[in-house]
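**Q** Grabbed the feature section from TrEMBL, which reads as follows:
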type     : residues : note
DOMAIN   : 41-122   : domain 'Cadherin'
DOMAIN   : 123-230  : domain 'Cadherin'
DOMAIN   : 245-345  : domain 'Cadherin'
DOMAIN   : 346-453  : domain 'Cadherin'
DOMAIN   : 473-562  : domain 'Cadherin'
TRANSMEM : 574-596  : transmembrane segment
REGION   : 645-672  : region 'Disordered'
Amino acid sequence: MYPWRRASALGRVRRAWVIPPISVSENHKRLPYPLVQIKSDKQQLGSVIYSIQGPGVDEEPRNVFSIDKFTGRVYLNATLDREKTDRFRLRAFALDLGGSTLEDPTDLEIVVVDQNDNRPAFLQDVFRGHILEGAIPGTFVTRAEATDADDPETDNAALRFSILEQGSPEFFSIDEHTGEIRTVQVGLDREVVAVYNLTLQVADMSGDGLTATASAIISIDDINDNAPEFTKDEFFMEAAEAVSGMDVGRLEVEDKDMPGSPNWVARFTILEGDPDGQFKIYTDPKTNEGVLSVVKPLDYESREQYELRVSVQNEAPLQAAAPRARRGQTRVSVWVQDTNEAPVFPENPLRTSIAEGAPPGTSVATFSARDPDTEQLQRISYSKDYDPEDWLQVDGATGRIQTQRVLSPASPFLKDGWYRAIILALDNAIPPSTATGTLSIEILEVNDHAPALALPPSGSLCSEPDQGPGLLLGATDEDLPPHGAPFHFQLNPRVPDLGRNWSVSQINVSHARLRLRHQVSEGLHRLSLLLQDSGEPPQQREQTLNVTVCRCGSDGTCLPGAAALRGGGVGVSLGALVIVLASTVVLLVLILLAALRTRFRGQSRGKSLLHGLQEDLRDNILNYDEQGGGEEDQDAYDINQLRHPVEPRATSRSLGRPPLRRDAPFSYVPQPHRVLPTSPSDIANFISDGLEAADSDPSVPPYDTALIYDYEGDGSVAGTLSSILSSMGDEDQDYDYLRDWGPRFARLADMYGHQ
């Protein structure tokens, strides 16, 4: 206790303090409690001041320890807890009264001695484990774990585990040192006890001290140790004939294994009695029953009863040691109920063929049905359900089908040469049943159309055989393959001159090229061609081809001088000719009405300006109510050029070169008169070419352009009175000179003169 006391041996001096550790028990109740006294031998008693520093004094936790500064006694002032602080390290100081250090500071270590003041504690309130039923002894289940806050180096933390309660029989044990729970014997059966509840205990002081408890819940996992069994040895059911996809009845089974697990789910197999696979058994996932269903229609007339042998097994394999089921198989008797079945078409769909254009009354097919109800005498009647062209007629008693009119080849209901109809067969049972049959009729193509030249059946050729590409000829045929192309083009052999002057060469299956063998005269030529298709038998047509032979340039096209010849060879049908003539008449009427309207407007304006003076001024003032171009063009539109192109023009224009418009080019050469075509079919081209010639003739105003009103003609003694340009200079004009012409022009001077 007083290591600093001077030793008895003389001449030995301590170099420093040496204080061994001081032990004090935790939870000490008698406070303050003296721990140790320190003393310095450098000064006399009463002349030394002692002090301590460190945790528990001037550091947290404060005021746990204190020292008497004059005697050096160290006291414990508070209860210690080893689980919070297991030791304290302080420093002790010795000073003289003047504050000088007498001894070097030394360490003072205080060790807290542990007491068993903490109970052990399980890490969980409930420990859970799983084990398969039928497990062998020693199988690990789970492990219990616990802790103790006391000093692990003492018995205060020496823990021991035990099972306080587990019921009977005792299937489990626990290792007292590790807490592992294992099986100790066989006989675990989930179907008997599915869950075991154990009460566990842990104690310190090697099992003799403080204790704590917890629970262990051990679940027994299922294995397939119970085979499913039918509840009956035989089941009786009824099923309607001619129906599929219908449930017939249920097969009830029992299984002690865990519901919903593969060890419980039943699988059914039909072992005998269903050679055609007309039945199927599926499992109801909720009840685990087998549901017998018809997958193929039954026929009462063929079989009235079925005897099925059915077995049941689990989805998971059965344990080898499990007992076999007493009712693993059962018999199922299914009685077939007779019902009214619909008639049946032996061949459905029925395919047949018929030639196109077949006349009414042509037999197509006999689409009859049979009644499968052999024990019931029934009559079958037939009718149409779908015949979009109303083309067919069905005998209601026999099902014989024939045409009732000619089917149009252009019918929209012909798809790739096939026509589809739907026929109904109805029995007279109560209630009646109906069968539907599809009749597909192939319309066989017949070669009933000869080929024809593709429009237009005309063209032009150069008069020189070696000029131009020739005339390309094409043919079409209303018949479908194989009664159409390839087409054969031939010059009519009954006209020998054709073969001498012309040639036809085949290009492909639908086109040929016409050329000249020798030079022929220019103009229209009518050629007779023979066209033949490849049908069986072939069809041939004689057709006229209008060919215009003209002089051609180096590029193979007709020269401008041959325009009339090019237009003369086009054939026009009667209907087209009527349309062209009617259009021409309407156009002429419109032009006449416009001219009359313009004339009347001009007269009304003239009357308002020169009231009472017109007849006196006609010899000096020209009439401008005509839509012409001035004094030199009083005739306006020369319609006679269209009506009588062969008649000569007026005598005044026949002498010398006719007067031209101011916009006529100097190089213009008047065109010769056109010859009226001899064929009425060429009137359309004649009118078109006439309009073109009139537009290009500068001696007359064009027929489709605006007329000129600002040109008063050549040599007029009168100035411009009214024109398009007059509005630009009205403000600068001086009309007072009109007063000098006499009283008749005084009114004009008043209207246009200066005010």
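The backbone N, Cα and C atoms fix where each Cβ goes, glycine too.
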**Q** Across the domain 'Cadherin' (473-562), what are the DSSP residue counts per state (helix, strand, coil)?
**A** 9 helix, 42 strand, 39 coil
**Q** Express the predicted model's confidence over the domain 'Cadherin' (473-562) as a mean pLDDT, rounded to an integer.
**A** 86
**Q** Quick one: DSSP breakdown of the domain 'Cadherin' (41-122) into helix, strand and coil?
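**A** Helix, strand, coil within the domain 'Cadherin' (41-122): 0 helix, 36 strand, 46 coil.
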**Q** How does the domain 'Cadherin' (245-345) divide up by DSSP, counting helix, then strand, then coil residues?
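**A** Grouping H, G, I as helix and E, B as strand yields 0 helix, 45 strand, 56 coil.
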**Q** Can you break down the domain 'Cadherin' (123-230) into helix, strand and coil residue counts using DSSP?
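**A** Output for the domain 'Cadherin' (123-230) reads 6 helix, 48 strand, 54 coil.
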